[in-house]
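Participant: Just dropping this structure here.
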Amino acid sequence: MRDELLNTPTDPLEEKFEEQIRPSRLEDFSGQQRLTDNLRIFIAAARQRGEALDHVLFSGPPGLGKTTLAHIIASELGGGLKITSGPLLDKPGNLAGLLTSLQKGDVLFIDEIHRLTPAVEEYLYSAMEDFRIDILLDSGPSARSVQLRLEPFTLVGATTRAGLLTSPLRARFGISNRLDYYSAELLQRIIIRTATILGIAIDQQAADEIARRSRGTPRIANRLLKRARDFTQVAQSSVISLELARKTLAALEIDEDGLDDMDKKIILSLLQKFDGGPVGISSLAVSVGEEHDTIEEVYEPYLIQTGFIARTPRGRVATKNAYRKFLGVLPGDDGPLFQKGSS
């Protein structure tokens, strides 16, 4: 369920939904206040100088707005936007075709930039630093290199795994920002904004309930809103009420902390199969039947943020919060945490 709620949309209808609700200006972007305030200054200064904006790196968990910010940057700069991802750029030739198609002031957005191959990454260095690339013509003894000048452009890179970026690539980004999880209050505002755009009536309490269970992530909040709309429509109601919101969340097995079935499997595996840890990520992944990359990128950041698991040099461990919520005991206790007569 979490992958479904977090994945970047590929279905045409889902893409249309994302485009419909996506803000096009920084002033309409909710959250990440310091980041957007700084970007506003950097963009204005670059436009006044008539220069390309320095290359921008966004890092952080999925669903927080990295792609949306790339769209906004292109819009604010008045340039075009080309979108690709690290896994798609498997050969330097693929990157060269993209780079040579860019016009002055355009933005190139590379999602999952940490997944670039070393050959493609090295090819990107001269493009980022000097706006040029070297094309190899022919092969063997007759091979020769031709240098092509590129129009000044801005590269926006996005990653959920900043630690996997090489130092040379990271150093070439003049602007680097990490996106943080959103507060429930901000998510509530986003839900109400999306509902207004889509023509959905929703109670304030219902919006708050969905916001609190959205894992601090706008993409999840918006998709849960869509599911609540479905339940409301089938119930032949004109308004998403608190009762219908809770019914939706219960059907999706999302609890009051925003945890879904896989989150619970991860925590219970830590507690029951590994005695609370520490345990390596590969062993934990095998125990729950999930890829370790997915656990690291999708599930683990929120579980750490909310204090249910912790990372140590020896592996992942369950926290007191996990013991309390799932077992009703604290580490080392012999009995239930809440017994009769306890104060």
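Keep in mind that glycine also has a Cβ here, set from the backbone N, Cα and C atoms.
Note that this is a predicted model, so its numbers are computed, not measured.
Feature annotation from Swiss-Prot assigns ATP binding site to ILE21, ARG22, GLY63, LYS66, THR67, THR68, GLU129, ASP130, PHE131, ARG172, TYR182, ARG219. For THR67, the entry in Swiss-Prot reads Mg(2+) binding site. The annotation DNA binding site is assigned in Swiss-Prot to ARG311, ARG316. Per Swiss-Prot, the feature region 'Large ATPase domain (RuvB-L)' maps to 1-182; the stated evidence is sequence analysis. The region 'Small ATPAse domain (RuvB-S)' annotation in Swiss-Prot covers 183-253 and is backed by sequence analysis. Residues or ranges marked as region 'Head domain (RuvB-H)' by Swiss-Prot: 256-343.
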Participant: Quick check on the region 'Small ATPAse domain (RuvB-S)' (183-253): DSSP residue counts for helix, strand, coil, in that order please.
Facilitator: 51 helix, 4 strand, 16 coil
Participant: Which of PHE131, TYR182 has the fewest nearby Cβ atoms, counting only those within 10 Å, among these binding-site residues?
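Facilitator: Looking at the binding-site residues PHE131, TYR182, the Cβ with the fewest others within 10 Å is that of PHE131.
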Participant: Rounded to an integer, what is the Cα-Cα distance in Å between ARG311 (DNA binding site) and PHE131 (ATP binding site)?
Facilitator: 41
Participant: Please classify the secondary structure at PHE131 (ATP binding site) using three-state DSSP.
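Facilitator: Going by the DSSP assignment, PHE131 (ATP binding site) belongs to neither helix nor strand, so it counts as coil.
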Participant: DSSP three-state call for THR67 (ATP binding site): helix, strand or coil?
Facilitator: helix
